[in-house]
Each structure stands twice: as structure tokens, then as C-alpha cells.
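> Below: one structure in C-alpha cells.
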Amino acid sequence: MVLVIKLLLLTCLWPTAALTSVSSQSDHHYRFLHHHHHQQKCSSMKKHNSKREIKMRKLDSTKVRPLKSEQLLRIDDHDFAMRPGFGGSPIPVGIDVQVESIDSISEVDMDFTMTLYLRHYWKDERLSFPSTKNRSMTFDGRLIKKIWVPDVFFVHSKRSFIHDTTMENVMLRVYPDGNVLFSLRITVSSMCFMDFSRFPLDTQNCSLELESYAYNEDDLMLYWKHGNESLTTDEQISLSQFFIEEFSASSGLAFYSSTGWYNRLFINFALRRHIFFFVLQSYFPAMLMVMLSWVSFWIDRRAVPARVSLGITTVLTMSTIITGVSASMPQVSYIKAVDVYLWISFLFVFLSVIEYAAVNYLTTAEERKQLKKRGKVSGMYNIDAVQAMAFDGCYHDNEADIDMTTFAVHSEESSARGRAASIPNLDATRIKRKRSLKGNA
């Protein structure tokens, strides 16, 4: 009975449950289709946006940050150990120089020190990249080691270095068409072949020479980028001893027997020396020493210590001036203009001393002849002219001095005789007094 009732209930409820399940399945299927359509629409929009980004990246690749500079310039795709256009015509490399300062000029070492901005211009199609808005890309020195750059060096240079405060002063600028600008800030010390034959009235012509070290004229052609205007200078350049007359740029060829011909660029400048410093330090003191040596001609020739000390002092002072000038100059084997002036001045000073020695000797010899001829020297003292000079430090060159000496000797003799004659008179007087006293006693 119970089983029959359950069967009747099941038959009544089955259609309703079937309808409910069908409706729920249809609703779920509708939702699934709607969600799947939405996902397809989003994915299509994402694909469209990605295609648009790729298109923009192709239009201006320099604005895209994720790409590295090596990937943008395709550095790994090329062999930059070879020069651009290897096997073809020589690559032209333009040079542009801006002189910042001339730091020092040494006459002793025959060199000069200069600080300058050295710029290279060339074209390397391997570095070209697509770009419409950003005209160029600028890099520091870290990219220099990965690409090809010209190997320009300074001929006859002694020392040179690239400034590295606060970073290494190196700039690399690459343009979309492959043109490259490579700039350096360098301080270089180079030789300058100087001629001192007219020193200090000289004018020195110095030059700084640039040349490729490895590439001869068949591989690399150096030239001034803008002709004579490629060399510019700072208006505030000044030197203490020189006046810079002109700067000029020129070019030429250099031949080496083992490697061939090379292009060479010249930075020429002329230096004219300021003479006022040497007038105060050398010419004027030398002139004063010559005039001071002539002062001894107005001093009495019998004042031996004064004239000798003055002559020796002027000679030593001139020697010091000559030594000071020679110490600041290179040891050249030819005569300089300042040497002629100083040695002539030294000759005048030296001759003033020789003149006094000659006058002293001739005067002494003349006095000896006169004294021997007249025979007026005292026999008691037997003093000749030289011994008399040793006593009083003076020469006796005229008759008045000799007569005064003779008169002094005779006066001394007469006074001595008077004293000797007065002594017996006193003794006689005393004896007479004693006798008179005895008689009175």
C-alpha cells in the first residue's frame, strides 16, 4: 500500500523536476555563451592594442624604453673591429678643435701644455636607426669600447690625459642616418722647437699635430671639418710672458718608411714675448751695476779699501744676474741676445776693477823711481814709498808729501837732540848747587 502511494507521488512530481532542470541548463548555457563572447571581444581588443604599439614602436623606436641601446643600434649584428666601409674608399673623418686654455709654456723643457675640446665627425651606416622625432641619441664613454672610433693621437706629445671629473669627459652622439659625433676634453703637453737667438725679443711658433696611428691615407682621411673655422679659441686666453698673436689650422702629409703616408693636421699659434719683465729683472739691474762700477772713478785712488770692495761687489752682483738668467733658459750652444747684453755689462764692471789695479801698479812704480832719483828718504828710518804706504795706507805721489815726510823726520830728530842736550845742562846745574852749599857750610 505504501509502495503504491510513493509511485503515484513520483509520477506526479517527475514532469515538474524535468522542466526545472531543463530551464536551469538552458540559462547556464546562455550565460556561458555570453561570457565566452565577452572574452573573445577583450582578446581582440588586446590584440589590436598590441598591434598598435608595435606600429608606434616601428615609427619611433627611440621612445621605447624596454629596448637597450645595443639592441637599438644592432651592435651585436656587426663587427665593429673593422672600420666602416672596409675594403672600399677611405673613410673621411672631420676634426673640429676648440682651445680652452694654454696652461703653461716652458723654455727649459721646450714644451707647452694646452687644454682643448677635440671633436670627430664620421659616418657609420651600421649605427643607423629609424627615428622621426628624436633627431639623435647621446651616450657617455661606456659605449665607446663597443663601436669603432678613429684612433687619433698627438704627434710629439709628452703627456696627455682625458679629464674624468666628475665623470669621464667623453660624449658620443649618434644620428639616425649613421652620422657620429665623438667629443673629448683633453689636456696635452707637446714639444715646441724654440729659437732663443733673439731672446727676450723673440717670437716662438709652436704647433700641435694630430694624426691617425693605425690607418694611413688608404683607409682614413683626416680633414678639418669647417676649414679654417674648425679651430676656435676662448677669448679670455692670456699668458703672463707671451702675447698670442694668431691661431691657424693647416694640413699636410707625413711619410713613414714602414707604413706609408698619413694625413696630418696642424694647430699653429705664434707667441710674442713680453719684454717688460726682463727689463726689470735683468737689463735694468745690469745697467745700475755698470753705473755703480763707474762711481769708483770719482773716489780718491789712495782709498784702497773703498775702491776694491766696490769693484768686487759689482763683479759678484753681475755674476749672480747672469747665473739667474741662465738657470731659467735651456742650455743651448748658441749666443742669445740677453747674453750679449749681460756679458758686455760684466766686461765694463770687470774692466773698472782692472783699471784701478793698473793705476795702482803704475803709480807705485812711478813713486819708486822718483824716490830713488831724488834720494830724499831718511837714512835713520830707511823707509821707502811702499813701507810708508803700509804705515798710513796712502801713496805719496807729489813732492809736497815727500817734503812733509822729511820735515816730520827732521823735526823728530831735532826734538830728540834738544832733549839729549838739555840733560847735561841739568846735571851741571845740580853739581854747582851742591858745591855752593858745601862752601856755605
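Including glycine, each Cβ sits where the backbone N, Cα and C put it.
Annotations per TrEMBL:
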- 1-18: signal peptide (SIGNAL)
- 75-274: domain 'Neurotransmitter-gated ion-channel ligand-binding' (DOMAIN)
- 275-298: transmembrane segment (TRANSMEM)
- 283-375: domain 'Neurotransmitter-gated ion-channel transmembrane' (DOMAIN)
- 310-329: transmembrane segment (TRANSMEM)
- 341-363: transmembrane segment (TRANSMEM)
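For each feature listed, report its degree of burial, its nearest neighbours and the pertinent distances within the displayed model.
Confidence annotation: the domain 'Neurotransmitter-gated ion-channel ligand-binding' (75-274) carries a mean pLDDT of 91 in the model.
With a threshold of 8 Å between CB atoms, the same-chain residues lying at least 6 positions outside the transmembrane segment (275-298) that come near it are 200-201, 241, 306-307, 310-311, 314, 317-318, 321, 324-325, 338, 341-342, 345, 348-349, 352-353, 355-356.
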> Checking distant contacts: for the transmembrane segment (310-329), what same-chain residues at least six beyond its ends satisfy Cβ-Cβ under 8 A?
107-108, 196, 199, 281-282, 285-286, 289-290, 292-293, 295-296, 299, 336, 338, 342-343, 345-346, 349-350, 352-353, 356
